[in-house]
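*Asks:* First the structure, which I've put down as structure tokens, then a few questions once you've had a look.
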Amino acid sequence: MWPPDQEPDPDPDPASARAGRSQPGSAMPGLRALLPARAFLCSLKGRLLLAESGLSFITFVCYVASSASAFLAAPLLEFLLALYFLFADAMQLNDKWQGLCWPMMDFLRCVTAALIYFAISITAVAKYSDGASKAAGVFGFFATIVFAIDFYLIFNEVAKFLKQGDSAEENTADKAEEENSDSDSD
């Protein structure tokens with residue numbers, strides 16, 4: 001799984017090796033191993049995390065350039081957290097570190113990010129008059145929507161998982177109750 005297995009080129013072209021040209025697939029395999037897999041990036045969770053990190057970075061840059069620079073810590077923190085969860089999910093750290101409750105951490109991250117972005121975006125648009133503050137507020141509203149979609153999907157997954165667990169516990173409790181009850185009605 002880590003690092004990704006790369007198949008060696010069975011017949012390297014000696015003419016291109018002498019000319020100093022490298023193969024297109026062999027360019028910097030060490031750095032390429034750090035990138036998330038294409039399958040994860042094309043999944044819904046991967047696209048949401050990419051959108052969250054991209055919008056957080058754009059919002060951070062807008063706050064740096066604006067007069068509302070007091071708000072730049074929140075987008076920076078959310079950008080770093082989104083990048084962390086992007087690589088943690090892509091490298092499947094949730095399977096490796098079983099002691100952490102990954103869905104709950106991700107849910108709380110998304111809920112707090114949506115609330116904070118909503119509050120600072122309203123403040124940036126209403127209180128500050130420069131264009132960078134307005135742009136940061138607009139991108140903050142878009143980030144609020146993306147984070148809200150993410151926490152809605154996480155909530156549905158967790159609720160579905162908990163319902164399956166509750167129904168399994170109810171079935172075993174019902175079976176145990178039926179076995180322990182007196183069915184001698186003679």
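Glycine is no exception: its Cβ is also placed from the backbone N, Cα and C atoms.
As the structure is a computational prediction, the values presented were derived from the model and not from experiment.
Feature annotation from TrEMBL assigns compositional bias 'Acidic residues' to 1-12, 167-186. The domain 'MARVEL' feature in TrEMBL is assigned to 40-159. Feature annotation from TrEMBL assigns region 'Disordered' to 1-26, 166-186. The transmembrane segment annotation in TrEMBL covers 57-87, 107-129, 135-155.
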*Asks:* Can you name the far-off residues of the same chain, 6+ from the ends of the transmembrane segment (107-129), with a Cβ under 8 Å from a Cβ of it?
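*Replies:* For the transmembrane segment (107-129), the nonlocal Cβ contacts are 52, 59, 63, 66-68, 71, 74-75, 78, 81, 85, 136-138, 140-141, 143-144, 147-148, 150-151, 154-155, 158.
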*Asks:* Write out how many residues of the domain 'MARVEL' (40-159) are helix, how many strand and how many coil, based on DSSP.
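*Replies:* Going by DSSP assignments, the domain 'MARVEL' (40-159) contains 105 helix, 0 strand, 15 coil.
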